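Scroll down for the structure; my scribbles are underneath it.
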Amino acid sequence: MTELLNVTGLTTSFHTSRGRVQAVRGVDLTVKPGEILGIVGESGSGKSVTCMSILRLLKRQGRIEGGSAVFDGRDLMELDEDALTDLRGNEIGVIFQDPMSSLNPTLTVGEQVIETVLRHRNIGRRAARARAVELFEMVRIPSAATRVDAYPHEFSGGMRQRVMIAIALACEPKLLIADEPTTALDVTIQRQILSLIKELQGRLGMAVILITHDLGVIAETADRVMVMYGGMVMEEAPVAEIFALPRHPYTRGLMASIPDPRTAGEGRLSPIPGTPPDMSDPPKGCPFAPRCPVAMRVCAEEMPRLYEAGGPANRSRCWLMDEAAPARAPYNTEDAA
Amino acid sequence: MTTNPGTRSTRAAGRALRLGGSLASVALTIAITLLGLVALTFFIGRIVPIDPVLTIVGEKAPPEVYDRVYRELGLDQPLITQFLYYLRDIARGDLGQSYTTDRAVLSDILRFFPATFELAVLGIIIGVALGVPAGVIAAVKRDTWVDHIVRIVALIGYSVPIFWLALMGLLVFYAKLQWVGGPGQLDIGYAYSYTRVTGFILVDTALSGDWAVFANAVSHIALPALLIGYYSMAYISRMTRSVMLEQLSSEYVLAARIKGASEYTVVVRHALRNAAIPLVTIVALSFGGLLEGSVLIETVFSWPGLGNYIAQSLLGGDMNAVLGGTLVVGTIFVLLNVGSDLLYRLLDPRTKAAAQ
Ligand SMILES: Nc1ncnc2c1ncn2[C@@H]1O[C@H](COP(=O)(O)OP(=O)(O)OP(=O)(O)O)[C@@H](O)[C@H]1O
Ligand code: SF4
Ligand SMILES: [Mg+2]
C-alpha cells in the first residue's frame, strides 16, 4: 500500500539565546493509511517537535532546516500558508497532552467544534451545530445536546480531552496526531480515552501517530513503533516484533524501565541510568553512547546509520547491527529472545 | 435549540442569584473602601499645619472671635465626635464651604468636574482607539520594525514629562502654526456666546447652535485631549502588547492554529477575546489616572477642571476644597475599580459562574 505520510531527512533546530538546539536531526518516517504508528522516547527526544514540524507550527525560535514531508501527494514543506491552513484541522487532526489549556476558556466547547467545521465545510451554522452534537455523542460526552453550550471550565479533564478529540475528528481527517493524549489524565480515564481513540480509528479508518512515554500503551494500541532518542530514530519495527525482540540497546533499556504486565508485581523497575544528551551540543557519535551498557569504542566516535535489522520493516541505529561488530551475546540479533 | 428549557431556566436563576450575592459583597467592599477614604481625608485635614480658624477669621481677629469660630467648627469636641460629624456632613453631601470661592465645596466640584471628565473621556477614547490596535499589531509583529516603532512611541509617552510636551505643543501648534486655540476653553470673544447646560464645553457649544463657537471649542480642546490621549495610548498599547503576547503563546492559540484557523481568527477571535478581560481593568485604570492626573495639563492649559481647582485651593490653603476634591476623585477611582472588576467577572465565563 502506498504511504499516506512520508517524511525524509526532517531537521529542526531552535535558535535560542543559549545557542542552537538541534531538536530533530534527520528523521525519516512513514505512515500508511489506517495504521497506528507509535512514537516512544524519553522526554526531550524530539517527538513533539517532529510532529509540529510536519504541521509547520513551530514556536517562534524553531526553524525547519531540511527534509520533506509528503502527505497525500503534497510536500508540506513546500505548501503556502493558505494551503496549509486548509489542510490543518481538515485532513490532519491533532490532540495534545494538556486538555486543560488547549481549549479557549472564553468560548463554549460547542463553539470550538463548530468553528472548525465551519472553517472547512461549506455548511451553515445550524448544520455545523448539529454536527457538533453528533461528534459529542461519538466521543461519548453525556447529554451532548446540552453540553455543547457549556464552557471548558465546566468539564473535567477527561471530558475536555473528549472535546479535543471531537474537534480533531470534526472533519474526518486522514491522519490524527495524538501527542501524549493521556499523560495529564487519571489512570482510569487514560484507558477510556485510549480505547476511544482506537475504536474511532477503526471506525473512521484514519491513520494515527500516537506519541507516548508508555510502552504499555504502544503494546496495546499501535501497529508499528518508532523509538526516538536525541532527535533521531533509534529503532523501528512492527509492535509484535519489537516486544518479542528489541534489537536496540536503548529500546531494551526502555523496556527494562517499565513494569512488564507478565512479571508485574515483582517490581523490577530499573530506569536507564544517566540523562539524555544536551541537544545544543549533541555527542558526535551515537547519542546513546554515554549511557549504553554495551557501547564500543566506535560508538562515541562515529554516528551509526539506520541498519535494516531482521526484516524489511525493521530498522535499528546501532553499531551492533554492522557486519564488522563482534558477535556478542545477548545483544546479537539471533539469540536475544 | 435542543436545549432543555428546564435546565436553562434553573441555570439562569442560579446565575441571577449568584450575581445578586456578588453585588451585595461588592457593595460592602465599596462601603468599607469609602469609609477608609473618608477617614484618610479627615485625618489629613487634622494633621496639615493650616489652622482652619485662622483661614476664616484672619490673622488679626480678637481672641474671643477666634474662640467662637473654634467652637462653631466643633474643634473643641473629641476627635471621634468630630469624625462622626464629618461623616454626617458628607452623607448629607455637605463638604463644607470653600473659603476662596465662598461657595459650597460640592457645588464648586460639580461646576469644575465636567471639564475634567470631558477631557478624560476624549483622552481615553483616543487612548483606546489607538493603543489597543497598536498593541495588538506590535504583539503579532513581535520584534519587527512595526513593533519597535510602537514601543518607541510608547516609551516617549512614558518618559517625557507631560507639562513639557504641553508647553512645546502650545509653542508649536498655537503660537507658531496657529492650528489650535490657546489656553482656556474658548477664545475670550466667545466666552459669553453659549449657555452652560451640561458643563461639557463641546456639548454646550454645540447646543448653542452657533458652529463658530463649537469650532472654537474644538480648537481649544484638541491639543490637551490629544496630549492626554497620547499618554493613555502609551500605557494602553504597552499593556495590550504584553497581554496579547501572553495569549498568543498559549496552548489554545496553538490549538486554534491546528484547526486551520486563519491568522485573523487566531488573533482577534481567540487571543484578543481573552486579552479583552484584563484590558477592561487596564482601560479603567488608565481612565482613573487621566481623571486624577490632570492637574499639570489643566494648569498649563488653564483648563477650568477639578485638577486645577484642587491645585488652586491647595495654594490658597483652602483645605475644605482640597479634601472635598480629593474625596470626590478618590470615590470615582474606587467606583471605576469596582466597576471594572464587575465587568471583568461578567466577561470571563470562569468567574461569571464562580462569582458567588
Ligand atoms: N520552543 C523551544 N525552544 C527551545 N528548545 C526547544 C523548544 N521546544 C523544544 N525544544 C527542545 O527540543 C528538544 C525536543 O523537544 P520535544 O518537545 O520534541 O521532546 P519530546 O520528545 O516531545 O519530549 P516530551 O516527552 O517531554 O514531550 C528538547 O531538547 C527541547 O529542549
Ligand atoms: S551504537 Fe553503540 S552506543 Fe549506540 S546503542 Fe549501539 S552499542 Fe550502544
Ligand atoms: Mg512532547
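Every residue gets a Cβ built from N, Cα and C, even glycine.
TrEMBL labels come from automatic prediction, so no person has curated them.
For B:113-344, the entry in TrEMBL reads domain 'ABC transmembrane type-1'.
Among the features that TrEMBL reports, transmembrane segment is placed at B:21-44 (among others). Only residues 6 or more beyond the boundaries of the transmembrane segment (B:21-44), in the same chain, are considered here, and those with a CB under 8 A from a CB of the stretch are 82-83, 86-87, 90, 323, 326-327, 330-331, 334-335, 338, 341-342, 345, 355-356.
Marked as transmembrane segment by TrEMBL: B:119-140 (among others).
Positions annotated as transmembrane segment by TrEMBL: B:152-175 (among others).
Non-local neighbours of the transmembrane segment (B:211-231) in the same chain are 118-120, 122-127, 130, 157, 162, 165-166, 169-170, 173-174, 179-182, 184-187, 190, 193-194, 201-202, 205, 290, 294, 297-298, 301, 303; each lies 6+ residues outside the stretch with a CB under 8 Å from one of its CB atoms. Per TrEMBL, transmembrane segment is recorded for B:211-231 (among others).
Annotation source TrEMBL lists transmembrane segment at B:279-301 (among others). Long-range Cβ contacts of the transmembrane segment (B:279-301) within its own chain (Cβ-Cβ under 8 Å, at least 6 residues beyond either end) map to 115-117, 119-120, 123-124, 127-128, 132, 162-163, 166-167, 170, 183-184, 223-224, 227-228, 231-232, 235-236, 239-240, 243, 307-308, 310-311, 329, 332-333, 336-337, 339-341, 343-344, 347.
Within the chain carrying the transmembrane segment (B:321-344), a Cβ under 8 angstroms from the stretch's Cβ atoms is held by residues 22, 26, 29-30, 33-34, 37-38, 41-42, 44-45, 90, 95-96, 98-101, 105-106, 108-109, 113, 277-278, 280-281, 283-285, 287-288, 291-292, 306, 309-310, 313-314, 351, all 6 or more beyond its ends. Marked as transmembrane segment by TrEMBL: B:321-344 (among others).
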Long-range environment of the transmembrane segment (B:152-175) - Cβ separation under 8 angstroms, sequence gap at least 6: 134, 181-183, 223-224, 226-228, 230-231, 233-235, 237-238, 296-297, 299-301
